[in-house]
Amino acid sequence: MVKLNDEEGAAMAPGHQPTNGYLLVPGGEPPGKVSAELQNGPKAVCLTLNGVSRDSLAAAAEALCRPQTPLAPEEETQTRLLPTGPGEETPGTEGSPAPQTALSARRFVVLLIFSLYSLVNAFQWIQYSVISNVFEGFYGVSSLHIDWLSMVYMLAYVPLIFPATWLLDTRGLRLTALLGSGLNCLGAWVKCASVQQHLFWVTMLGQCLCSVAQVFILGLPSRIASVWFGPKEVSTACATAVLGNQLGAAIGFLLPPVLVPNTQNNTDLLACNISTMFYGTSSVATFLCFLTIIAFKEKPQYPPSQAQAALQNSPPAKYSYKKSIRNLFRNVPFVLLLITYGIITGAFYSVSTLLNQMILTYYKGEEVSAGKIGLTLVVAGMVGSILCGFWLDYTKIYKQTTLIVYILSFLGMVIFTFTLDLGYGIVVFVTGGVLGFFMTGYLPLGFEFAVEITYPESEGTSSGLLNAAAQIFGILFTLAQGKLTTDYSPKAGNIFLCVWLFLGIILTALIKSDLRRHNINIGIANGDIKAVPVEDTVEDSPTDKESKTIVMSKQSESAI
């Protein structure tokens, strides 16, 4: 037994005040198990050391005596996860049970409802672009007007993401879901009143409402996964939630060319077909809105993971939305991920919006084939999303997986670019599928990686910022690629995207992998988080002369 005394170095000295009643051990301490038991009253401490020498102990004690340095900006909010007084205990500490966790069967219902109304919203995003030439003829507008029916989704997201994420963080998951589903339903019904050739502004109004609904939809997958699903299924749940949006885009590529064929010589038939598509969409959106009201709940009775339990038990009064945003932008790995996610997702949005124009440049009159190629692109991406989700749940290898998928997305874009004009439709189907598999499969990877490196910040805030970056890059890429496609050729526009994707690879390689949420779950499960009482040498009042606690936490995974 070795006692920490003045010869070895005081465990706590004047000028080194505890943080929230706890003293944080610096990350570079020597390995070895440290257990402690309180003996001879609250001030005496005996440490049983396995594999730790007295010299190492002295070095550790000396480190504790140094003045405490401020936490890094991205780590400040972690203090709200710790108990605030010496009388409280850390989850997983020896002698105290971890918070009760359980998985609710309702989680599958919540996930299904969200995926379905997200599907309808994505369908309404792409339903104009995939038959852009048909709507140009019906409304008598230019191709740029039809492109804006897609880009309005991206434009609306940027200014509205901050109030939307604030609402999610302060008012909760259910209200955000109700707004997303309700506005999606309202926008669908407004478009039903636009089936006349002079009412383009009405269809734009309906599309604007749907774009506002999207703001309350895109940031929810990672929040739903974290709040409702356990550590071993959270990545798969996030991928499934993203899958609903991708499936909507896939159906948006498939159904409009079938429901609204190009019958410009018969305007009445064309109006009837457009009306059928609009009324069918609004009926489904209304049904899903009612399901959301009835069955979508805020959270389960018990948290599904220790990380979620720690967040739910943190004092809500200490949470600051502005501080959370500030911490995220000071987190260098997250800023790099923000840029790289925006590049690859913006490229996908641009390709999806302009796919019909690219295909019809080389394959005249093949609107249905263009829709099927878009369907292939998105369906392949759905498979990629699910496989990536399973892979992350199984391995927890975020950085390497993200980098590999990014590289393969770049290669897929290069192959698609230089095979598009060969005149072989089957080649375009195959290359489009390869491109979609990796590019769309990246989406849940970005969400989950962001949650890991920004924990304990809100999942909705990090996801919302990622989507905002995607919308900004999507608008810029769509305008630039559309201009290059019109003035030069589709190949020129695609090469433009290839250059940006290559830049994204370089930035992804620079991201430091710091899996905070995963380390919290693993640390508690393995008992790696220890609470070690130490002698308090500071002159306090008799009531304050109690043992302090050193929280020893597992070090974060280092960068590659």
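Just so you know, glycine gets a Cβ as well, placed from its N, Cα and C.
What you are looking at is a predicted structure, and each value in this text was computed from that prediction instead of being measured.
Pulled from Swiss-Prot, these are the features on record:
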BINDING   GLN471  choline binding site
COMPBIAS  550-560  compositional bias 'Polar residues'
CARBOHYD  ASN265  N-linked glycosylation site
MOD_RES   SER56  phosphoserine
MOD_RES   SER541  phosphoserine
REGION    1-22  region 'Disordered'
REGION    68-99  region 'Disordered'
REGION    537-560  region 'Disordered'
TOPO_DOM  1-99  topological domain 'Cytoplasmic'
TOPO_DOM  125-142  topological domain 'Extracellular'
TOPO_DOM  193-199  topological domain 'Extracellular'
TOPO_DOM  229-233  topological domain 'Cytoplasmic'
TOPO_DOM  260-265  topological domain 'Extracellular'
TOPO_DOM  296-331  topological domain 'Cytoplasmic'
TOPO_DOM  363-366  topological domain 'Extracellular'
TOPO_DOM  454-461  topological domain 'Cytoplasmic'
TOPO_DOM  513-560  topological domain 'Cytoplasmic'
TRANSMEM  100-124  transmembrane segment
TRANSMEM  143-170  transmembrane segment
TRANSMEM  173-192  transmembrane segment
TRANSMEM  200-228  transmembrane segment
TRANSMEM  234-259  transmembrane segment
TRANSMEM  266-295  transmembrane segment
TRANSMEM  332-362  transmembrane segment
TRANSMEM  367-395  transmembrane segment
TRANSMEM  398-420  transmembrane segment
TRANSMEM  424-453  transmembrane segment
TRANSMEM  462-487  transmembrane segment
TRANSMEM  490-512  transmembrane segment
Same-chain residues near the topological domain 'Extracellular' (125-142), Cβ under 8 Å, at least 6 residues beyond its ends: 149-150, 153, 197, 200, 203, 207, 210-211, 214, 248-249, 252-253, 255-257, 260-262, 264, 267, 270-271, 274, 277, 281, 352-357, 360, 367, 370-371, 374
Mean of pLDDT values spanning the topological domain 'Cytoplasmic' (296-331): 75
Tertiary contacts of the transmembrane segment (173-192) (same chain, 6+ residues out, Cβ under 8 Å): 113-114, 117-118, 120-121, 124, 164, 167, 202-203, 205-217, 220, 223-224, 227, 275, 278-279, 281-282, 285-286, 288-289, 292-293, 296-299, 460
Highest-contact recorded stretch vs the transmembrane segment (462-487), from 100-124, 234-259, 266-295, 424-453, CB pairs under 8 Å: 424-453
Contact between the transmembrane segment (266-295) and the transmembrane segment (332-362) (3 or more Cβ pairs under 8 Å, separation 6+): no
Interface present between the transmembrane segment (367-395) and the transmembrane segment (200-228) (three or more C-beta pairs under 8 A): no
Neighbourhood of GLN471 (choline binding site) by C-beta distance under 8 A, where only residues 6 or more apart in the same chain count: TYR153, MET154, LEU155, TYR157, VAL158, GLY346, TYR349
Beyond the flanks of the topological domain 'Extracellular' (363-366) by at least 6 residues, Cβ under 8 Å: 425
Contact call for the transmembrane segment (234-259) against the transmembrane segment (100-124), three or more Cβ pairs under 8 Å: yes
Same-chain residue ranges lying at least 6 outside the topological domain 'Extracellular' (260-265) that approach it to Cβ under 8 Å: 131, 133-134, 137-138, 273-274, 277, 367
Secondary structure content, the topological domain 'Extracellular' (125-142) (per DSSP, counts of residues): 13 helix, 0 strand, 5 coil
